[in-house]
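Take a look at the structure below.
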Amino acid sequence: MSHIQIPPGLTELLQGYTVEVGQQPPDLVDFAVEYFTRLREARRQESDTFIVSPTTFHTQESSAVPVIEEDGESDSDSEDADLEVPVPSKFTRRVSVCAETFNPDEEEEDNDPRVVHPKTDEQRCRLQEACKDILLFKNLDQEQLSQVLDAMFEKIVKTDEHVIDQGDDGDNFYVIERGTYDILVTKDNQTRSVGQYDNRGSFGELALMYNTPRAATIIATSEGSLWGLDRVTFRRIIVKNNAKKRKMFESFIESVPLFKSLEMSERMKIVDVIGEKIYKDGERIIAQGEKADSFYIIESGEVSILIRSKTKSNKNGGNQEVEIAHCHKGQYFGELALVTNKPRAASAYGVGDVKCLVMDVQAFERLLGPCMDIMKRNISHYEEQLVKMFGSNLDLMDPGQ
């Protein structure tokens, strides 16, 4: 992609939006409007801060420093708090590792030494418990999550301690294990509380992606414990993983014949509502006769498609299931019932451990309109698929028989 002229700041802008979309908002258009509106307001306020009010902030490493010289990184500091989303800085800051441009698509090779902070078994258990509901960690595989946990360090805080200060450089992402914390924002020399954390949550993630100062101050209102993750590890694993996941999802969607008739913009919308699910060997993924509510693409592993025979019986006297197809990575299943608007015509079982990309039909219809309106563009393909997978004589009218 080196021959394509990418506007300065676009990569960081889209990285931030991509991470935020991981929250699975119900309406992507409304979410985008709200996100970029806050982004614009943050830029205006940042401009006011630098041009109108030459306030100074204190960092952990130095004495008072003029903001215009220390234009560093910003932070939304909360998934839930009502804070402005930061934007890439227009000013020049000192050269540091923290400010280096990060493009996850270009940095395929990673030779940096792994950061490891030794922990006792008890600390590891507490850390895992604190991180189990952190949205940013949801899409990490086991190896990546293990590297993140290895790199995190415990920080014990006291009452009234400033964890981060508005205007400071942002070097760490924090997960709350325990304690309460106030979120304070100063504007026009007026400081106000915009929210509070109560023994759960995380903050500081966007400061690791944008070149603007911290957007808020976080103060402990009780004794507590935090787990920190350094900027380099955060970007190397989490940001890069999100970018790779999205790229992989796009590749899968483009390879599915079912979506050949969709416009590029429509396929990109599909990527935004895809989730992942893992199934164990022999686990049933869909059941014949059940209502169809999801469509599946195999990310890794194999899936066996079976249908109940009308002529063969199992040992319990019921209709025996007979395999009619064996699906592998990149193949998909579960879409035919959505197209025909009928119950599942077959069952699907995992063969070994299986990871599937899952698309909810309601999300699909919300983004692209009723399924049939979209699918009619390529209806001949579905007829071919029906014959290929189930045979021309298969009765789909009553899959429960």
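Here the Cβ of each residue, glycine as well, is placed from N, Cα and C on the backbone.
Per Swiss-Prot, the features are:
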- S2: N-acetylserine (MOD_RES)
- 2-135: region 'Dimerization and phosphorylation' (REGION)
- S47: phosphoserine (MOD_RES)
- 61-83: region 'Disordered' (REGION)
- S74: phosphoserine (MOD_RES)
- S76: phosphoserine (MOD_RES)
- S96: phosphoserine (MOD_RES)
- 136-257: 3',5'-cyclic AMP 1 binding site (BINDING)
- T212: phosphothreonine (MOD_RES)
- S347: phosphoserine (MOD_RES)
- S392: phosphoserine (MOD_RES)
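Other Cβ atoms within 10 Å of the Cβ of R200 (3',5'-cyclic AMP 1 binding site), summed over all protein chains shown, number 13. For the binding-site residues L136, A216, V232, M248, the largest tally of other C-beta atoms within 10 A is found at A216.
A gap of 26 Å separates the Cα atoms of M248 (3',5'-cyclic AMP 1 binding site) and S347 (phosphoserine). For the pair formed by R200 (3',5'-cyclic AMP 1 binding site) and S347 (phosphoserine), distance between Cα atoms is given as 40 Å, rounded to the nearest Å. Summarising the environment of M152 (3',5'-cyclic AMP 1 binding site), the number of other Cβ atoms within 10 Å of its Cβ, over all protein chains shown, is 28. Ranked by CA distance from S347 (phosphoserine), the binding-site residues M152, L184, V232 have M152 at the top as the closest. Over the region 'Dimerization and phosphorylation' (2-135), the average per-residue pLDDT in this prediction is 56. Under the DSSP three-state reduction, R200 (3',5'-cyclic AMP 1 binding site) is assigned to coil, being neither helix nor strand. S347 (phosphoserine) falls within a strand when secondary structure is assigned with DSSP. Counting every protein chain shown, the Cβ of D168 (3',5'-cyclic AMP 1 binding site) has 22 other Cβ atoms within 10 Å.
When secondary structure is read from DSSP and collapsed to three states, L184 (3',5'-cyclic AMP 1 binding site) falls in the strand class. According to DSSP, M248 (3',5'-cyclic AMP 1 binding site) sits within a helical segment. Neighbour list (L184 (3',5'-cyclic AMP 1 binding site), Cβ cut-off 8 Å, at least 6 residues apart, same chain): Q166, T191, R192, S193, V194, A216, T217, I218, I219.
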